[in-house]
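**Student:** Sequence annotations record features per position, and here TrEMBL assigns ATP binding site to K49. Per TrEMBL, the feature domain 'Protein kinase' maps to 20-295. Residues or ranges marked as domain 'C2H2-type' in TrEMBL: 337-366.
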Amino acid sequence: MVVVNHEFKYEELEEATENFSSHRLVGKGSHGCIYKGTLKDGKLVAIKKPSLGLQKLQDNSKLDNEIHILSSLNQNPFLVNLRGTSHDSANRKILVMEFMPNGTLHDLLHVASAPPPWPKRAKMAIQIARAVQFLHQAKPIIIHRDIKSANILFDSKWNAKLGDFGLAVRVSERVDSLSQPAGTIGYLDPSYSTPSKLSTKNDVFSFGVVLLEIISGRKALDISRVPASMVEWAVSLIEDQYGDRMMEICDKRIALPASMEGSIRNMLHVAARCVSLKEDRRPSIGEEWMPQDIVATGEKCFLLKWVTEGMLRAMNEKAKEPEAAEPEPEPTTEVLFHCSNENCGKKFIDAGALRKHSHIHGERQYVSHYGNCGKEREISYALMQAVVR
């Protein structure tokens, strides 16, 4: 038997939505319609009501699953939480959810006139990662199976929350009863082809797609572009062997603050591992690995490192000896490019060399207080929730 927080009378919901008035409609999909409701105590809720055309059995099955999943979880600040349920005269289930007034991540990135600033993008990435972590640490583990930008919503304070648990599954010792693979094309893990392939790594792949979407501002799948797959396009730039093209992925609609370039590079490395076709290369989120918190001040945004001593020791063992200092350029009449770091002062004739130096210098600063200045990308994978098991 499914136990929920509250059972609403249908009449309460009719009153809350002015008899499900069209001007209260805030969303529509294959499941039905979502209405904005105002309860008697003044609290706002989102009411998910099935469409009349849907078969009762199919619709109730999906909503029953969502109720079952959400009712088993404690209220969480990174999920769109269940407030209660109801049913109409045809006995179709109705969900009463936490109201998210600022819409979806999909609309924020692809519909809104003003693109979100970079500190906000970094913050939402961390919040989504923490939502996935919470599900994967539940007992039994919960796999969402439909992580995408349209299922990430924002509350009144622009906190990102993961919603729509209609396809979610609880992983138990018995796997023979698991449903067929499901998800959304563009976000769906290509290795998830049969029920036996169900894994938390499926969600990790989808999260990686969302992370690339946040950074690039591109849709996961866009047939007007070549290639249509955002993942294929982005990974080719991240792994380009002939030049540093990674930052071409960044959304061109808004300038990236120089103070955030290192953080975004690290996030791109994490995203590339998340969407790897090799599951064992994808990061996992374990109990001992908490996603980073974020500190945002003005245009600066610093991702706080959360690497454990064990990972630091492992990185220290793998890291190479510090690279030789780059020679000063020969005297010249050409304009020199100066490193902006006040403790450095190096000069370069070539702007590309300056960029490379600045990136390496930033990475060295990142680990310098741990006594290791190994190669620049060695520490990138210790960002956010990325830890290889």
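Any Cβ shown, glycine's included, is placed from N, Cα and C.
The shown structure was predicted, so the numbers you read here are calculated from the model rather than taken from an experiment.
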**Student:** So if I measure Cβ to Cβ from K49 (ATP binding site) and keep only same-chain residues at least 6 apart in sequence, which ones fall under 8 Å?
**Tutor:** F20, G32, C33, I34, Y35, D88, I94
**Student:** Averaging the per-residue pLDDT over the domain 'Protein kinase' (20-295), what integer do you get?
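**Tutor:** Summarising the domain 'Protein kinase' (20-295) by its mean pLDDT gives 87.
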